[in-house]
Amino acid sequence: MPFKNLNDVKEHCENLENIAIFLGYNANVDALKYISSKNDLYELLDEKNNIGDVKIDIDKVIENMASYPREIKTPEEFLARLILAMKSGKPVEIPLISANLSPNFKKWLEDLKFNEKRIGGQVGIIANLLSLLNLEKIIAYTPLLSKKQSEMFENKGNHANIFYPVLKKDGKVSLTNINNAYKDDETKINRIFEYKEFDFEFNNEKIDIPRANRLILASRPENLRIDISEDIKKELPEMGKDIDCAIVSGYQSIKEKYSDGKTDEYYFKRAVEDIKLLKSKNLDLKVHLEFASVQNPLLRKKIVEYLYPVVDCAGLDETEIANILNSLGYSELSEKILKDSRIEDVIEASKIVLEKYDLEMIQIHTIFYIMFICKKIEDKAKNDIKIAQLKKSLEFATILASSKAKNGLITSIEDLKMGLDTPYNQYGDLLIDLVSNISNSSEFTEYNIVLVPSRIVKNPKSTVGLGDTISSGAFVSYVADLKNNNVL
Ligand code: GLC
């Protein structure tokens with residue numbers, strides 16, 4: 001057990017204090033609605049016009065459950081996807097193109113009451129977490145930075161550490177405290193439906209939600225381009241020199257076509273350039289790509305094919321790795337993962353992706369475990385130290401995740417006590433045994449597979465952003481080990 005008490009955790013956090021990181025590209029506001037009981041759900045399904053004077057057509061909801069809409073335009077399409085998501089207990093994100101919404105759905109959404117607003121998007125969530133962990137410098141780049149958005153970044157460390165690159169009048173780019181760097185941009189708001197575990201009846205069927213999770217209706221503002229303007233882009237090599245690592249994400253917002261004729265290919269090529277520029281003067285710079293729930297299979301494939309060849313580490317949940325495998329043509333293995341969640345299949349899938357794109361590391365997070373898969377170091381003694389360090393990074397990540405699940409937010413390092421006090425889940429020992437058997441099999445002689453069971457919080461306050469918390473905690477901790485000692 002690497003962390004016996006809060007002091008051990010605090011000591012580990014001190015290792016992260018000399019790390020500087022670049023984060024791109026997605027931050028937004030998350031409007032959260034909690035669906036805590038069947039009555040909360042029945043209220044949404046109410047046929048008697050209670051929300052926005054809109055009458056819900058339950059037969060249409062049932063029809064839509066069969067047709068599985070991937071883009072949402074009506075309340076019935078949304079409710080169908082919500083019920084399907086609740087049935088599976090898996091995380092889902094669906095794009096919402098405002099111009100395409102039915103007038104009914106607009107009215108319905110306008111009248112819907114949300115419980116709270118928080119910072120969202122990988123850049124937003126990760127910047128705030130790393131700020132309170134006192135990283136030296138966090139460059140949080142997001143194309144849209146409204147005043148409201150910039151105020152939601154919280155410089156909570158012992159010094160203001162979240163910066164935004166700003167072009168000054170003299171043509172130079174300066175890293176400015178993000179709270180003062182806002183522009184005249186619109187605010188992107190995503191709507192998050194967080195449901196708890198409960199059972200309910202729908203269409204004469206009793207549905208038992210297997211676990212608390214969330215469905216995201218993600219807005220797609222026309223002005224949002226996953227891109228960095230030329231003036232800032234030309235500074236990326238210098239910026240890269242002064243940082244240790246980067247986390248990139250948000251590619252799920254890229255559209256196939258824009259009104260000005262630009263295409264997804266255009267933005268993917270630019271995104272690849274950004275990473276190459278960041279690395280151009282710093283060959284040691286480590287880049288982690290955090291995947292997301294992407295509805296469109298073609299877009300999924302492009303994210304992997306364009307970007308995996310230029311990054312070092314990949315963070316994924318179980319559904320995401322299954323979806324990637326499907327895009328790569330391994331539909332059988334993908335189906336198996338989605339259906340049975342067997343760790344053997346997840347490991348096989350990870351190996352396929354790791355080898356195909358020559359990644360340094362894959363990190364998988366599921367409800368029951370967090371796992372790193374990477375190549376072994378030949379020297380056995382060194383490799384043993386590496387395994388111990390990887391394990392520690394994962395332990396740290398589960399503590400972060402369970403603290404956040406329990407409290408909804410992590411507000412200080414002291415809050416990590418909540419995670420530390422949460423026991424591992426009941427399958428922990430079984431998972432460790434399974435992985436140790438797989439590691440010893442001939443197929444994996446060249447690999448380290450390191451697993452730490454999750455600390456599951458029974459009734460999580462919220463689940464949105466847990467994956468980002470795990471991935472960034474594990475990755476930054478890994479990079480700190482690379483930087484602060486020479487073993488890895
Ligand atoms: C995605 C969503 C965002 C949410 C985040 C959490 O980026 O678009 O709304 O906060 O995932 O992981």
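Note that the numbers count up from 1, one per residue, in the order the chain is shown.
Placed from the backbone N, Cα and C atoms, the Cβ positions cover glycine too.
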Further binder of Mg(2+) named by TrEMBL next to Glu290, Glu320, taken from the candidates Asp170, Asp468, Asp481: Asp468
Annotated binding-site residues Glu290, Glu320, Asp468, filtered by Cβ under 6 Å to ligand 1: Asp468
Entry from the binding-site residues list Glu320, Asp468 having the most other CB atoms no farther than 10 A: Asp468
Cβ neighbour count within 10 Å of Glu290 (Mg(2+) binding site): 26
